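First up is the structure itself, then whatever we jot down about it.
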Amino acid sequence: MLTPTGTLVADAAKGGRGLAAFNVITVEHAEAIVAGAERAGLPVILQISQNAVTFHGGRLAPIAAASAAVAEAAGVDVALHLDHVEDAELMRQAPDHRFGSVMYDASTLPYAENVAATREAAEFCHARGLWLESELGEVGGKDGAHAPGVRTDPAEARDYVAATGVDALAVAVGSSHAMTDRTAALDHDLITRLRDAVPVPLVLHGSSGVPDAELAAAVAAGMVKVNVGTALNIAFTGAVRAALADERLVDPRKYLAPARDAMANTVAHFLSVLAPR
Ligand code: G3H
Ligand code: ZN
């Protein structure tokens, strides 16, 4: 069932669980994410990034409508989130496409400009019932360069949340986007200090590169929303490569079906790590 992001995040925070948000690029991603969540019996977030919208020719409507329909038909609670939005025009489309939340990403701007742009985004989103996430202290890897040395300062994070009014904060604690091996080491002491300093749930980006034990420890230290993208694409592409070893194969369903299954397995695995029973 399509459910507001804020409700799922608040429930996870109350229950001391991590809530996974997986990146959707194709409709098969959305189907796989929901299949994995149904298998685990746990809620999940489908997130569509600005980059994915660009891939779809700059059109938000088709992939958003497909994802919302998949969410609606799900046997578990599923939220729809618009991720890493730098274009305010795109953010303004979110209310028309059934999103429950937006991540407005002004993290590359100087502090004062990040605050001003994010406060405006918060005013827009809150007036329309949307939950807003933003980022302070740039998580590396968005441009292909991994910079795991960057860290979010707890005192600055507290001031930033008060100044912007955001509902959740993405923080730089050692992860980096688009890693294809799981070797990132998180600063768990910093996560605890951020949790104590900041009154809103914390968000971990670049979680594909974080080993299982580190993810579980991050949730125990206070991380709530956990974003995973690349791990699904590793599963997807690996399965496609294996299927295409048969050079007579031409029907895309013959490689998309195993790719979707492989992504569902990855989803179920991450969910079991983040919400151990
Ligand atoms: O916002 C999306 C995530 O941070 C995904 O990062 O592709 O490194 O897992 P990842
Ligand atoms: Zn991210």
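Cβ atoms here come from the backbone N, Cα and C positions, even for glycine.
TrEMBL labels come from automatic prediction, so no person has curated them.
Counting Cβ atoms from all protein chains shown, Asp83 (active site, proton donor) has 27 others lying within 10 Å of its own Cβ. Under the heading active site, proton donor, TrEMBL lists Asp83.
Taken from TrEMBL, the feature Zn(2+) 1 binding site applies to His84, His177, His205. Taken residue by residue with DSSP, His177 (Zn(2+) 1 binding site) is part of neither helix nor strand, so it is coil.
As annotated by TrEMBL, Zn(2+) 2 binding site applies to Asp105, Glu135. Asp105 (Zn(2+) 2 binding site): 27 other CB atoms within 10 A of its CB, across all protein chains. A coil conformation is recorded for Asp105 (Zn(2+) 2 binding site) in the three-state DSSP classification, outside any helix or strand.
Only Asp83, His177, His205, of the recorded positions Asp83, Asp105, His177, His205, place a Cβ under 6 Å from an atom of ligand 1. With respect to Asp83 (active site, proton donor), the closest of these binding-site residues in Cα terms is Asp105, chosen from Asp105, His177, His205. In this structure, Asp83 (active site, proton donor) is part of a beta strand by DSSP. Note on His84 (Zn(2+) 1 binding site): other Cβ atoms within 10 Å of its Cβ, all shown chains, come to 24.
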